[in-house]
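What follows is one structure encoded as structure tokens, with my remarks underneath.
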Amino acid sequence: MDKKNKTLGEFIIEHQTAFQYSSGELSKLINAIRLAAKVVNHEVNKAGLVDILGAAGDTNIQGENQQKLDVLANEKFIQALKNREIVCGIASEEEDDFISVNSNDKQNQNKYVVLIDPLDGSSNIDVNVSVGTIFSIYRRITPVGTPVTIEDFLQPGKNQVAAGYIVYGTSTMLVYTTGNGVNGFTLNPAIGTFYLSHPNMEFPETGKIYSVNEGNYIHFPQGVKDYIKYCQKEEDDRPYTSRYIGSLVSDFHRNMIKGGIYMYPKSSVAQNGKLRLLYECNPMAYLAEQANGKASDGYRRIMEIEPSELHERVPFFCGSRKMVEKAEEFMALKP
Ligand code: P6P
């Protein structure tokens with residue numbers, strides 16, 4: 001077990017031999033994320049003080065009002081990733097299409113593509129509720145030195161080489177995996193350093209918290225309605241507690257520490273739910289499985305899904321393994 005208070009930089013160096021590819025490449029990837037996280041954290045923490053709140057006036061591909069902080073976070077992460085000679089392509093919730101990153105040298109030897117939700121839960125910005133950044137990293141599958149293509153991004157989640165999130169909450173944390181468990185680092189804002197505060201994070205096998213927007217109850221499949229009523233029934237260790245922040249990263253983070261399930265199911269008004277497969281569900285599913293949890297669309301493993309487009313949505317059930325399995329039982333009975 002790694003001792004706490006190790007810095008993120010020390011941790012990366014000590015663990016880079018466990019990274020399945022070149023050791024230096026992981027350091028560059030995580031360091032780019034770390035830098036952008038500190039810049040965005042600074043802006044998020046002062047959002048109420050400067051004229052950075054409110055819609056930027058534009059709408060993104062999701063048809064949602066772009067908050068200025070969305071735009072800023074997107075720019076900062078793209079800039080940080082572009083500046084490292086390691087990434088050949090970037091996809092973002094805030095960008096209609098993927099961005100091809102051309103290396104300074106003629107032969108673009110960069111091997112990684114990164115998919116990001118630069119500021120998830122952005123509707124919470126104006127009400128001072130925590131938000132997060134989510135990232136997902138793959139090795140490209142098309143030949144190194146050729147232009148990156150959509151195929152490099154449309155990989156199933158099981159191909160990820162790293163994934164994580166930054167949660168801008170009461171403290172700012174970077175939580176990530178490279179396939180050898182999940183570790184959480186807390187930022188000391190006074191010195192701008194992330195310290196290992198949560199080594200080897202794991203979901204409790206079960207829990208007593210369920211997270212879902214019950215305002216959509218009437219539109220849910222019967223199996224989801226039945227599972228919610230199961231959670232609310234006075235029996236055994238139930239009723240459970242309902243906790244829903246409206247920020248996936250925050251709900252996921254709390255549930256990983258305390259035990260719980262997060263659900264964004266399909267509904268009669270959203271046949272594929274709301275969450276994006278590539279830059280929300282897959283990275284969170286990778287983290288969940290690395291933390292002995294589970295992630296499915298109610299029927300199948302999220303990380304087995306073959307993506308067909310950059311911004312596709314999937315239903316999402318994620319958290320403590322036994323809670324996800326129980327929800328899947330109800331879905332199987334009444335899809
Ligand atoms: P609703 C934020 O927009 C997000 O993608 C997740 O972070 C969050 O859990 C969900 O959508 C909230 O959506 O429809 O419940 O407001």
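Placed from the backbone N, Cα and C atoms, the Cβ positions cover glycine too.
What TrEMBL says about this protein:
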BINDING   GLU93, ASP117, LEU119  Mg(2+) 1 binding site
BINDING   ASP117, ASP120, GLU280  Mg(2+) 2 binding site
BINDING   ASP120, GLY121, SER122, SER123, ASN213, TYR244, LYS274  substrate binding site
DOMAIN    6-199  domain 'Fructose-1-6-bisphosphatase class I N-terminal'
DOMAIN    204-331  domain 'Fructose-1-6-bisphosphatase class 1 C-terminal'
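All features noted in TrEMBL, drawn onto the structure.
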{"residue": "ASP117", "record": "Mg(2+) 1 binding site", "Cβ within 10 Å": "29"}
{"residue": "LEU119", "record": "Mg(2+) 1 binding site", "Cβ within 10 Å": "31"}
{"residue": "ASP120", "record": "Mg(2+) 2 binding site", "Cβ within 10 Å": "27"}
{"residue": "GLY121", "record": "substrate binding site", "Cβ within 10 Å": "22"}
{"residue": "SER122", "record": "substrate binding site", "Cβ within 10 Å": "24"}
{"residue": "SER123", "record": "substrate binding site", "Cβ within 10 Å": "14"}
{"residue": "ASN213", "record": "substrate binding site", "Cβ within 10 Å": "14"}
{"residue": "TYR244", "record": "substrate binding site", "Cβ within 10 Å": "16"}
{"residue": "LYS274", "record": "substrate binding site", "Cβ within 10 Å": "18"}
{"residue": "GLU280", "record": "Mg(2+) 2 binding site", "Cβ within 10 Å": "25"}
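When DSSP labels each residue, the domain 'Fructose-1-6-bisphosphatase class 1 C-terminal' (204-331) comes out as 56 helix, 19 strand, 53 coil, counted as helix, strand and coil in that order.
A mean pLDDT of 98 is what the model gives for the domain 'Fructose-1-6-bisphosphatase class 1 C-terminal' (204-331). Its Cβ placed at the centre, GLU93 (Mg(2+) 1 binding site) has 24 other Cβ atoms within 10 Å.
In this structure, ASP120, GLY121 are the binding-site residues from GLU93, LEU119, ASP120, GLY121, SER122 whose C-beta falls under 6 Å of some atom of ligand 1. Reduced to three states, the DSSP call for LEU119 (Mg(2+) 1 binding site) is strand. In this structure, the CA atom of LYS274 (substrate binding site) is 12 Å away from the CA atom of ASP120 (Mg(2+) 2 binding site). Of all the binding-site residues listed here (ASN213, TYR244, GLU280), GLU280 has the Cα closest to the Cα of LEU119 (Mg(2+) 1 binding site). Measuring Cα to Cα from ASP117 (Mg(2+) 1 binding site), the binding-site residues that fall within 10 Å are GLU280, out of SER123, ASN213, TYR244, GLU280. Taken residue by residue with DSSP, GLU93 (Mg(2+) 1 binding site) is part of neither helix nor strand, so it is coil.
Calculated from their C-alpha atoms, the gap between SER123 (substrate binding site) and GLU93 (Mg(2+) 1 binding site) amounts to 14 Å. For the Mg(2+) 2 site, the Cβ centre of ASP117, ASP120, GLU280 serves as reference, and the other residues of the chain with Cβ at most 8 Å from it are GLU93, ILE116, GLY121, GLY132, THR133, ILE134, LEU248, VAL249, LEU275, ARG276, TYR279.
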